[in-house]
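The UDP-alpha-D-glucose binding site annotation in Swiss-Prot covers Tyr177, Ser212, Arg218, Val274, Ala275, Ala276, Ser277, Phe278, Arg279 and is backed by similarity to another entry. Feature annotation from Swiss-Prot assigns disulfide bond to Cys49-Cys56, Cys54-Cys357, Cys102-Cys108, Cys263-Cys286; the stated evidence is similarity to another entry. As annotated by Swiss-Prot, motif 'Prevents secretion from ER' applies to 389-392. Annotation source Swiss-Prot lists signal peptide at 1-23, citing sequence analysis.
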Amino acid sequence: MERRAGSRLRAWMLLLLLCPVQGRQKDSGSKWKVFLDQINRALENYEPCSSQNCSCYHGVIEEDLTPFRGGISRKMMAEVVRRKLGTHYQIIKNRLFREDDCMFPSRCSGVEHFILEVIHRLPDMEMVINVRDYPQVPKWMEPTIPVFSFSKTSEYHDIMYPAWTFWEGGPAVWPLYPTGLGRWDLFREDLLRSAAQWPWEKKNSTAYFRGSRTSPERDPLILLSRKNPKLVDAEYTKNQAWKSMKDTLGKPAAKDVHLIDHCKYRYLFNFRGVAASFRFKHLFLCGSLVFHVGDEWVEFFYPQLKPWVHYIPVKTDLSNVQELLQFVKANDDIAQEIAKRGSQFIINHLQMDDITCYWENLLTDYSKFLSYNVTRRKDYYQIVPRRLKTEL
């Protein structure tokens, strides 16, 4: 009974957040008409997804597996393994086996955690899982071959899976995250506690970004911050590739800032790095308004996050960033509602159960396209569950 009442309350709150925004700001006027119209269209076209059986993301699985509807042959799989495009795994009689070679052991471990969570319900299969940053199957490649990657653009046929960072193996940032980002379930709790300490009205209204220069697409925001520090507080930090101040646009590197301390700010920026950015999902849980720059790189959950509904979309060259910041400052209640919708989506649809469920649905559907019986490779060793980690 309580669960039904809770579901009705959440549905009512969602309907309230999805109400059209036109005419609700006294001074919006024609100055902001373009943005207000985009928000209204986005809300009118938005269809909230179900929380049942992680069906929210089923369309992503379906689209990623479409190229393989003709079947995956033993010969095709042998070619993928031969080309070393990732780590080769086999699931046989509800046991997980792997070749010895893995470029990033902690990343493989993060992947294996989720497979082992559902392995007792999985049929026999084999697959190649890429734990590099970059996808491996460009669309011009013929024939299309099955490789699992955590992120891609529309130019690739890789099959997306939930990244290892939901458990472990994320980027190490010393001294904040010396063993890397991980344990999404624990991190969620930390971020939500910080968000409660920094409600919207207490947040600093200066836009905020801290990160390393993994992509020059971030440069315009750093330069804007130097020109107008009251509008934007954005600085480069060091990463493993840092050699001199040239790598931080001629200024000393800033100190790294814990993600929970980002919650002090009302407007947070997300950029792609080498591929999709791991910080994206974290920013929403601050209850802040996320400015998402560019839309080329995606992870499996991105397609259900909609521009103007859950975040503010920013052009890749940042040519519209100042106008967007002026808009949200002039329309604070609208900005807050977008932030709430973004936060609620991640809270409701990106729980650890959703990650595990996605892995199970993805591998189960994928296995149906294998046109042969998998034979265990004798030199592969069995992966067994490790002791549960209870700290980040």
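Glycine is treated like the rest: Cβ placed from N, Cα and C.
Ranked by how many other Cβ atoms sit within 10 Å of their Cβ, the recorded positions Cys49, Ala275, Cys286, Cys357 place Cys49 at the bottom.
Around the Cβ of Ser277 (UDP-alpha-D-glucose binding site), 22 further Cβ atoms fall within 10 Å across all displayed protein chains. Cβ neighbour density within 10 Å is lowest for Cys102 among the disulfide-bonded residues Cys56, Cys102, Cys108. It is Cys263 that, of the disulfide-bonded residues Cys54, Cys263, has its Cβ surrounded by the most other Cβ atoms within 10 Å. In this structure the alpha carbons, written CA, of Cys102 (disulfide bond) and Ala275 (UDP-alpha-D-glucose binding site) are 20 Å apart. Here the candidates are the binding-site residues Tyr177, Ala275, Arg279, and by Cα distance the one nearest Cys263 (disulfide bond) turns out to be Arg279. The motif 'Prevents secretion from ER' (389-392) scores a mean pLDDT of 51 in the predicted structure.
Using a 10 Å Cβ-Cβ cutoff, Tyr177 (UDP-alpha-D-glucose binding site) registers 17 neighbours. Residue pair Arg279 (UDP-alpha-D-glucose binding site) / Cys56 (disulfide bond) shows a Cα separation of 21 Å. Under the three-state DSSP scheme, Ser277 (UDP-alpha-D-glucose binding site) falls in the coil class. You'll find the Cα of Tyr177 (UDP-alpha-D-glucose binding site) roughly 30 Å from the Cα of Cys54 (disulfide bond).
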